[in-house]
Structure formats: C-alpha cells, structure tokens
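Beneath this line is the structure, given in structure tokens, with notes to follow.
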Amino acid sequence: MGSLKIRTNYGVHLNCSRFKILPLLCVRKQHSSNFVPRHEPVTESDVNKLQTFVENASKLLVLTGAGISTESGLPDYRSEEVGLYARSNHKPMKLSQFMESEAMRKKYWTRNYIAFPRLTRIEPNAAHFTLTDWERKGKLVAIVTQNVDRLHQKSGAENVIELHGNGYVVKCVNGNSINCSYKISRYLFQQQLNELNEDLFNNFDTLSLALRPDMDVDLNSEMVQNFRVPSCPNCGGILKPDIVFFGDNVPKHIVSSVYEKVEQSDSLLVVGSSLKVYSAYRFVDFAHERKKKIAIVNIGPTRADHLNVLHICKRSGEVLPKIKL
C-alpha cells in the first residue's frame, strides 16, 4: 500500500502506510439505516406541527441523543430490535470498573483501538446538517448533545455543548493528589497504541465487528490479554477518554452552562433521545417548569411524554430537512 497522508480535525497528519488498522480512516462510510428502529413515514401533519413549533421559536435550544446518529450507522442503546440492549447483553463499562481495574482498562482500550478507525469514517446525516443550517441562520441558542461522536461538529456546527464529553480526546485522570492536566488527541493516542501493539492484530478483520454507541466493539477476551496501554507521560497516571462513563457525573460547569442555555431559550427541541438518563431529562423537566415550549422528534416513547409535549415519532433525518426557515 502506498503512502497516503490525511489531515484530521485536530491538524494531525496521519501516514496510513504505517498502520495496519488506520488505513480504514481513508475510506468514507456511507450512511446506513441498519440501526434505525421501525417507524411510520413522515406525514404532512407531522411536518406542519413541527414547522409551526420551529417558526414560533425565536430562541431555540436543541438537545440531541444517540437516535440522531443511527442514520449515520451508529446504534443507540434502547431502540426496540436494533438498539444495543435489544441485540446483546452488553452493558457499557462503568467508571468504577475502568478506574479500579487494570484488566478492565486494557479491555476497554483494546476494543476502542479496534473501533476507532471505523468511527472516524462515520459521517453526519441530514438531521445533523439541518441543525447546522439552522445555527448558521441564527435560529439556535445552542446544540446540546448527549453523543460523544462529534458528528455535529463534523457537519459544521460551532456552538455545541457536549454533555457527556467526546471520544476524540484522551486525558490523564491521576488518582493521586497531583492535578495533572495532560491531554492528547485520540488520533495521536491511536498512533501510540499502534506502536506498542504493532504485531498484535496482524490479519485481523476489523470490519466483521459490530460497533457500539460508546465507541467500542465486542472482542473475545483472549484478544486483550497482551494489549499494552501507555500511562500518562507526565505523572504516570491513568489515561481515559474524555467521556462521561456510566456512573460518572457530568462536570458541574457543563451542567450550569446547559441550564443557562435553557433560561436563554424560549423553546426546546429534543432530537433522537428517549431521555431515559437523568443527565439529559433534567433539562427538559427544567424547561417545562420554566414554561418553555417543548417538542420531541424521536422514534418510540420518551421519559418526557407525560409532560404533554409535541412528540413527532418519526425519523429525524426525514422530518427535520422538511422544515423551512
């Protein structure tokens, strides 16, 4: 294979000829509907209701969940038949497991190492691009997302608050009293992992593995035994993706920022989220208490349906582009 350099969003140049897994970065992924739950076609009534909601909103805040990315080929957790929980017994790794067990950290990073090149190929879909267009036209206060895939930024959106962090930054989480601020881009960390495990995955078919919404794949336990993970070069601490794990807390400054955005808005649009996790639902509940207008575009029921909100139970990538500003 010839030498091919690509430039990432972080200004990092990767030479694809050096890596056995990274060449997958050089192939663009087509959009997929494999993980979109069953749903009815969008009706004229759906469009008219959402059109009225958006038109009447002068300061619209958008909250997105994993459902907005299913059309890009990333599964969500809870959708019937196609969600991760419906297809397997897998449960995402908890923060306590990652921090307390070297074996669990090795397991996480082995899987993430294999999955990362494929995840970088995932492209935004029509719903992402529509929200970016609304942002550029001055319609949005901000986009708050539960997702760690950075597809909003990839679509060109600028004012994005990542509620649960993102999978493209790795940071030191030193458990000692030392306050280490070391961070590295996930692309460069991938190079480090490759150099440490250069011969471990020869002739390994990464494309046969199923992706998960937490930027992970499912591997046999035997494959992680010899995987090597570097420690923080500054203090020797644990390196962790800048993601809010299950059992972790959203940083207080992020929570405060989202509450401020809710206060600034007059309407809240939820896209692709069942709102099952409290870290997202609390903002909808807060908006309801503040008498904000609320609409939800999500296939399937949500935790906020009892609030008597407008719920368009359709595919976001089909209905959002039909809204005219």
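Every residue gets a Cβ built from N, Cα and C, even glycine.
Heads up, TrEMBL stuff is auto-annotated, nobody curated it.
Fair warning: this is a prediction, and the values are worked out from it, not measured in the lab.
What TrEMBL records for 40-325 is domain 'Deacetylase sirtuin-type'. The active site, proton acceptor feature in TrEMBL is assigned to HIS164. According to TrEMBL, the Zn(2+) binding site annotation covers CYS172, CYS180, CYS232, CYS235.
All features noted in TrEMBL, drawn onto the structure.
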| residue | record | DSSP class |
| --- | --- | --- |
| HIS164 | active site, proton acceptor | coil |
| CYS172 | Zn(2+) binding site | strand |
| CYS180 | Zn(2+) binding site | coil |
| CYS232 | Zn(2+) binding site | coil |
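Long-range Cβ contacts of CYS180 (Zn(2+) binding site) within its own chain (separation 6+, distance under 8 Å): CYS172, ASN174, CYS232, ASN234, CYS235, GLY237. Counting other Cβ atoms within 10 Å of each Cβ, the binding-site residues CYS172, CYS232, CYS235 show the lowest value at CYS235. For HIS164 (active site, proton acceptor), the number of other Cβ atoms no farther than 10 Å from its own Cβ, over all displayed protein chains, is 21. A Cβ within 8 Å of the Cβ centre of CYS172, CYS180, CYS232, CYS235, the residues given for Zn(2+), is found for these other residues of the same chain: VAL173, ASN174, ILE178, SER181, TYR182, SER231, PRO233, ASN234, GLY236, GLY237, LEU239. Mean model confidence of the domain 'Deacetylase sirtuin-type' (40-325) amounts to 89 (pLDDT, 0 to 100 scale).
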